[in-house]
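As recorded in Swiss-Prot:
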SITE      R16  site 'Transition state stabilizer'
SITE      K23  site 'Transition state stabilizer'
SITE      R160  site 'Positions MEP for the nucleophilic attack'
SITE      K214  site 'Positions MEP for the nucleophilic attack'
Amino acid sequence: MQNFFALIPAAGSGSRMGDRMPKQYLTLAGKPMIHHALATLCNSPRLSRVFVVLSPGDVEWARHDWSEFSSKLSMLECGGATRAETVLNGLKAAQEGTAIEDDDWVLVHDAARPCLGGKLLDKLMDELEEDEVGGLLAVPVADTLKRSDPTCRAERTEPREGLWQAQTPQMFRYRTLVNALSGAGGVTMTDDAGAIEALGLRPKLVVSDARNLKVTYPQDLALAELILKNCK
């Protein structure tokens, strides 16, 4: 029987938020932002363990109370210089301390994506549990896309047919994901699915919800808080 594990890479600085504090610790609906993702993941009976990968020397984590998640949560201080490196380091460290098999599923989720709900999480696992490759939550692109020149003038309109906006969690088997990220080398990977694609595999796109947004800019905080309040 395959088990499910979750991993949150939380070693980033969140520079686009214009705040000195890493954005995963910014207050959202009275809690650190990362708390909301942890609550959904740790409350899922299908997930055996949830790992958070921090930067070495992270001082913010210890300032908050995570005891409500203690039965399922593990903290790893092995974050790297890039997201891919952080995920890879976390995967290796997680297996050292936990009985993770090569065919077990790992769900990698953004720390700054706080509005993931339990139903959407279950949908992802249901649709991918028997899949040969794995996949990710995503939404079809609805807006018109423009290609700009260096001066921010629109050069042309890009066709949006077949284009999807990737979200997280992204769910792949442990060994496949480790192999994909290990082979990425110096290539910049903005998500785990990109590393899987580089192996010649085709991750499945599971239709998601636009409310599963990533907090990237300061104005996103108000929208995320509104979504969280309406979901309760």
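Residue positions begin at 1 at the first shown residue.
Each residue, glycine too, has its Cβ placed from N, Cα and C.
Fair warning: this is a prediction, and the values are worked out from it, not measured in the lab.
Feature annotations (Swiss-Prot) mapped to structure.
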{"residue": "K23", "record": "site 'Transition state stabilizer'", "DSSP (3 states)": "helix"}
{"residue": "R160", "record": "site 'Positions MEP for the nucleophilic attack'", "DSSP (3 states)": "coil"}
{"residue": "K214", "record": "site 'Positions MEP for the nucleophilic attack'", "DSSP (3 states)": "coil"}
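Taking only the Cα positions, the spacing between K23 (site 'Transition state stabilizer') and K214 (site 'Positions MEP for the nucleophilic attack') is 11 angstrom. When the recorded sites K23, R160 are scored by other C-beta atoms within 10 Å, K23 scores highest.
For K214 (site 'Positions MEP for the nucleophilic attack'), the Cβ neighbour count at a 10 Å cut-off comes to 17, with all displayed protein chains included.
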